[in-house]
Amino acid sequence: MSDHSISAPSPRQTGYLLTPGPITTTLSVKQAMLTDWGSWDNDFNLLTASIRQQLLALAHAEAEFSCVLLQGSGTYAVEATLATLVPRSGKLLILMNGAYGQRMAKICDYLGRDYVSLDMGDYLPPEPAEVARLLAADPAISHVAVVHCETSSGILNPVEAIAKVVKTAGRSLIIDSMSGFGALPVDARSLPFDALISSANKCLEGVPGFAFSLIRTGVLQQCAGNAHSLSLDLFDQWQYMERTGQWRYTPPTHTVAALAQALQEHTAEGGVAGRLARYRQNRDVMLAGMRQLGFRTLLEDDWLSPIIVTFFCPPPPFDFKAFYAALKQRGFIIYPGKLTAVDSFRIGCIGQVAAAQMQQLVSAVAEACQELGLSLPVPLPAHLTSSTVAQA
Ligand SMILES: *Cc1c(COP(=O)(O)O)cnc(C)c1O
């Protein structure tokens, strides 16, 4: 078991957040927000510079990439990256298997960028060979977007294999690694991509307020004038940061200080490898306990991420709202499901939780089931007992 020590939730905290972010943070990360920084002050500029450098280092991307920080949640950085990198005459292939791929299509609708999508439904992975075929058939496609861990199902997409076929086809790859970066290894020296997007408040265990994109500098230099939006123009944001060391427009100062502290704690935990090891253990402890209670996962083991896991809801009297409330009362906040066809819920493995909390969670789930009048192990959901779907 990990000896990573977890501080108890602070008095006004609702419980441990077993969600895809914002997540539970350390007391020291929260305390880092007790200073009011001047946005023009040199000490704050040094903090900004150090964060940019550390984020590049996490992806081994110091040599050929630039880190562009952007105020707002993760979606702002996804929209800004698409707007800045994909020229108005470009065309995007979106690899879609959940809500975040679908959101990129919606962004393209707003931006007026041409796109096609390979829609795999709720949870099936995109096939690299199919991607190669689509790229060969349509020379107009200039860029491909893929979600690293599609948080809506928890699937870990085959990003390495996708990157290979995109590179072979001579196109540009944009990776949404929002929910994985900091825990899922990324090595820009061997993984061919042009941009990778993430935010402060997921696996890096900072608080919400800004996101960032690691963009190949040679590509970014060609992007002047692409963006349709001033505040989302990452080329302009980058130029301004390079020139002045400051953010364009008011920076989320407290959030920046919190991430600086969170990055120190990330290093102290052993970097990406250390964090991944704890999250994997969180998942394994939680999964073993949940399975013992009769719960079934949406995905087969090979596709399960150490980020978040989707479970099918058992049949009535199970009721998600009542289940959620019973767990909240016991100090755990879980997350509703996002599947279109069947009822599900999700449990996150990220943030300041370790094996001991995951074990407490499993006990809380058992108590909640009893409170809801379910026998243990819980009965199978109806769609798993009918032979047609069981084979799917
Ligand atoms: C969280 C997340 C986002 C961004 O969501 P925000 O709510 O805007 O922070 C984008 N993509 C993925 C895969 C995510 O998990």
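Glycine is treated like the rest: Cβ placed from N, Cα and C.
Feature annotation from TrEMBL assigns domain 'Aminotransferase class V' to 46-301.
Long-range C-beta contacts of Lys202 (N6-(pyridoxal phosphate)lysine), restricted to its own chain and to partners at least six residues apart, with a cutoff below 8 Å, comprise Pro20, Gly21, Ile23, Gly74, Met178, Ser179, Gly180, Phe181, Gly182, Ile350. According to TrEMBL, the feature N6-(pyridoxal phosphate)lysine maps to Lys202.
Mean model confidence for the domain 'Aminotransferase class V' (46-301) is a pLDDT of 98.
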